[in-house]
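Features as listed in Swiss-Prot:
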| type | residues | note |
| --- | --- | --- |
| BINDING | Tyr64, Val65, Gly66, Gly67, Thr68, Gly69, Lys70, Thr71 | ATP binding site |
Amino acid sequence: MNAPRCLRRLLERQWRQGGWLSTLLRPLAALTGLVVARKRNAYLTGARAAWRAPVPVVVVGNIYVGGTGKTPVVIEVVRQLQARGWTPGVVSRGYGVDVGAAPRVGQGQLAAADYGDEPALIARATGAAIAVHPHRPRAVQALLRAHPGVDVVVSDDGLQHLALARDVEIVVQDERGVGNGRLLPVGPLREPAQRLADVDAIVTNAGRPRAAAAPAAGAPRQLAMWLEPTHAQRVTDGATRTLADLAALPPARLAAAAGIGNPARFFQTLEQAGIRPAHTLALPDHYAYAQSPFTALDADLILVTAKDAIKCAALDDPRLWAVQVGTRLSDPDFGDWLSATLRARQP
């Protein structure tokens, strides 16, 4: 195991249990809090100016470092807006891609090597135009130049990118909530937990169906999200199999692999659908698949996420099947609320 992964696991253990390292790192957490507060106050007081786009902006992000399930929420937000007559475009950092000075703008079947894993998946799932660049205002400007019909921008991540003014903030968390409630590196938080009181909605990736919380006046809208597998699609040729077919296979001949922020969540989703692979392979997030990690897997069929499937295609392994999922929300009125909120906040 490489050094960065070992350090990450050590930190995560300290976040859960405490210990000598947490005590040692407390001064750094205090420094994190100071830097975050100064940056936010600079924008709130006008000392630093945020750039405002000529169209509404929805930011989907988190305060918990690591994978909480933002990408499915971004996809669902785009689809909900499309269903209500909006023409959304998406901006993203393009993690792991050397974009260069100018933003990269595309649409449709984008390559992960050119745009990043999440942007490629979002573009394929929604058909929305997408621009990638670390500087969010620059990405929005390029997106609107290339696609002037876009009338709302959805920012994939970017809650902490305050240089881009936003009209709606949606935070995605999982059942870990705010963890131990401490800032990096003593805890998992990029911003203080109190930041959640300022956002418009909090979506909890519950992993299973859950009822929506009753809206409270003046508080963020609270709802749950979970992923529901629909079918599997072979990576090499697009052939499909039903969930019942997969569940009927002998577990000993079935494997599952995931190179996402929280691989265990993917394996749990399969189990809830009655699919119990005997072999599971947890890979690092944004795994490149430059070489096949499946060579030693003794399985007739290997299930992967849709995000992994984009990069697995080059492996030309007929055992690989991408599990397609639908995003379910506990709040049936979320899309109407989001659309109405955006229209109310338009100048």
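Heads up, the Cβ atoms here are built off N, Cα and C, so glycines get one too.
Of the chain residues outside the ATP site list Tyr64, Val65, Gly66, Gly67, Thr68, Gly69, Lys70, Thr71, Asn62, Val172, Asp174, Asn205, Gly261, Asn262 have their Cβ within 8 Å of the site's Cβ mean position. For the recorded site, Lys70 (ATP binding site), the DSSP three-state label reads helix. Sequence-distant contacts (6 or more apart, same chain, Cβ under 8 Å) of Thr68 (ATP binding site) comprise Asn62, Val172, Gln173, Asp174, Asn205, Gly261, Asn262.
For Gly69 (ATP binding site), the same-chain residues lying six or more positions away in sequence with a CB closer than 8 A to its CB are Val172, Asp174, Asn205, Met225, Leu227, Asn262, Arg265. Under the DSSP three-state reduction, Tyr64 (ATP binding site) is assigned to strand.
When the binding-site residues Gly66, Gly67 are compared by the number of other CB atoms within 10 angstroms of each CB, Gly66 has the fewest.
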